[in-house]
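For 21-40, 60-83, 140-160, 172-194, 214-241, 262-281, 331-352, the entry in TrEMBL reads transmembrane segment. Under the heading domain 'EXS', TrEMBL lists 222-422. For 405-425, the entry in TrEMBL reads region 'Disordered'.
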């Protein structure tokens, strides 16, 4: 019909993005409140004498994945800030055009935020209602699914990014080739998550030995108990990987800083093993001999690591551009060039470097909520460390490119002597 109504297309009846976003936030809040309510009611159903044991076991299975989820969220924030600033993180990490953006990182972390607490709520509910076998299957299924998603060989779920991560992990475990920035950057992050790796080992150990949703594991000297020798070995593993990376860099470059960096990572070894000795020596010997050595090694490790962060990883001159966005932004006026940012970063780094010793010391890890809090704080410290470490590397890259361009513009000696080629005979 001429002058009739325009036919409505599918795009015309779609709700606005703002409405969809609000609807998603509402669903997320309903889901979160429901999980908290079901989990709290499930815990309260248990007797007081078994409640702490039950919560400790549930915490052990889900604490590592919750902390990994936090790390993924914060990594998305890192990428968002880099994308808004003049720091090209893709060039720093030598990423191709298929790398994940901050939006895709946040999408992954959102799903992790939904799946992990849902599995934990199901575990609490089933166990408290007597369905022990079904409860035991919850963490097992969760770990299995996440492992399968990580190694899935088909071109779905960001195949190139997953395999980039796996290749980098393999290069960290076996540093037989030249060390790239991505190699030691991820290895540094793993040192901040050494407690997460230790809890993962203990969780998998209990799953393999069928100790999930039981109290058989609570014996300290059992194969998966708190006195297991595997705990200090897993704690020290990221530091050893980083140590051998530095030695490989020293072999390739002959730079003294690489050797001194290796020495820094070696200072974590006595902190970990002197702490673990408490469970394997007489109490008097620990108090009079090993504990003073542990305190001394803790102070050395904390201060050495703090110095290296400030003087080497950040170089102090990196406080120049990371919070200056390319487009006008409220964060620029709040953070860029503010002296309080310097004091906050340096002061918080020193404090959290010292408290991190708590995490490396197995004999101090009795209150799981305290351990979780300190681990989350260490992840936050690493989060702010990433900003300045990546920018420092970007500054080095741009400075090197500027020097190369300036040397190309300088005429060669023979060109200056011969003069212009086009002259009359």
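Cβ coordinates are placed from backbone N, Cα and C, and glycine is handled just like the others.
Unlike curated records, TrEMBL annotations are generated automatically.
What you see is a predicted model, and the numbers here were worked out from it, not measured in a lab.
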Chain residues in Cβ proximity to the transmembrane segment (331-352) (below 8 Å; excluding those fewer than six residues from its ends, i.e. six or more beyond): 81, 306, 309-310, 319, 323-325, 377-378, 380-381, 384-385, 388
Predicted model, mean pLDDT over the domain 'EXS' (222-422): 82
Cβ-Cβ under 8 Å with the transmembrane segment (172-194): same-chain residues at least 6 beyond its ends: 67-68, 71, 92-94, 165, 234-239, 241-242, 244-246, 248-249, 252, 265, 268, 356, 359-360, 375, 378-379, 381-382, 389-390, 393
